[in-house]
Every structure is written in structure tokens, then in C-alpha cells.
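Copied over from TrEMBL:
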- 12-34: transmembrane segment (TRANSMEM)
- 14-203: domain 'Putative sensor' (DOMAIN)
- 40-60: transmembrane segment (TRANSMEM)
- 106-129: transmembrane segment (TRANSMEM)
- 166-188: transmembrane segment (TRANSMEM)
């Protein structure tokens, strides 16, 4: 039982805190990528894209940090590509353009946003409805006094044959709260695993075995960065 409560707390914290990270990640991804691609033809977009990829590294690190409590184990930390020793500042700045994980971070910022919205909304509303139903007898009298005719639950109790007494309405609300409380760990676990699984696939899919360490890069990527650097320097 203690394990269930602990996991429920971890899943709830993840779903509620993932949205504040997903929102700026989505804004940076859409704005930076659109501006970069739109002006790439005049080479202004190239540094914009590089800056966007660099900015997303911090948000991706925050999203990656959240995964351990949900997935129950350590998450692989990426080794981003680095410019060769002695490279110019401009070349180091443009290096993320040749790094696969940096582009996956950008993709994560785009596709994670709708899942984060759904997870945040479900977690917040389910928790609120569960707590409100369980403590309904403590405040329902105020609703009846203010409205004069109840809040609508009496129609359900009449249909069930329980009457419309305060006790009957309160019993129905508490019963509904108990059902929601029993389903709460399962629902939040499902949403948390879905979102965390997608995030792990994009933020930690390039393991250390999949890529070279340090500044090792393909000749084609190295030549492309050099060409872009020369174009920007000449502009």
C-alpha cells in the first residue's frame, strides 16, 4: 500500500509539473524553428536554429530529470557533440546543428506539449473531483442554503430510490469519491507512463553506444559546418 501511495505521489507530481516545462519548450520550438527555417535562405536563420537547439538543451534536461521517479530507474544522459579542439566560437555555436540528440530535443518540445496538457488537466481535475466528493458532507449544507434546491445530486438519489435527504445525497457523493479514489492511481499511472515513455524515447534514445564520444564527427557534417561558418563570416 505504501508503494502505491508513493507512486501516486510521483505520478501526480510529474503530470502537474510537466506542463510548466512543456509550455516554454513548445513556444521555443515553434517560434525558433519557424523563424530559423523562414530566414535560412539568407543565412540569418542558421544561427537562429543553432540558438534554438541550444536553448532546448536546458528544457530537455529538466524533462529528462523528471523521468526517473515515473520510470523507476536512471535515464541515460546524452553526450552532445562538441566542436574540435581549437574551433572558433562561431563553429562551437553552430555545432548543435549536426547533433542528432539536439534535433530530437526539438521534436520532443513539439509532440510532448499536447500530452502534457492532457496529463495536467486529467491529474488536476481528477484529484479535485475526488477530494471534493469525499468531503462533500462537510460543505454541501452551504450549497443547499445558498441555492435553496440543492446541486442536482438529489435527482440521482431519487432515481436510485434513496430519496432526496441530506444523508442520501452525501452518501452518493462519498461513494462516487471512493470509486474515483480507487481509479486515481491507475488513471494517473497510465497518463504518466504514456508521457514519460514518449519523453524517454526522444530525450534518451541516443545512448552512448549509438554515438561517438567527444568531438568525433562525420566528415560530411564537419564540412557542412565549415561551409556555413564561411558563409556567415563572409556575410
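In case you wondered, yes, glycine gets a Cβ from its N, Cα and C as well.
Under 8 Å from some Cβ of the transmembrane segment (106-129) lie the Cβ atoms of residues 11-12, 15-16, 18-19, 21-23, 25-26, 28-30, 33, 52-53, 56, 59-60, 63, 177, 180, 184, 187-188, 191-192, 194-195, 198-199, 202-203, all in the same chain and six or more residues away from its ends.
On the 0 to 100 pLDDT scale, the model's mean across the domain 'Putative sensor' (14-203) is 90.
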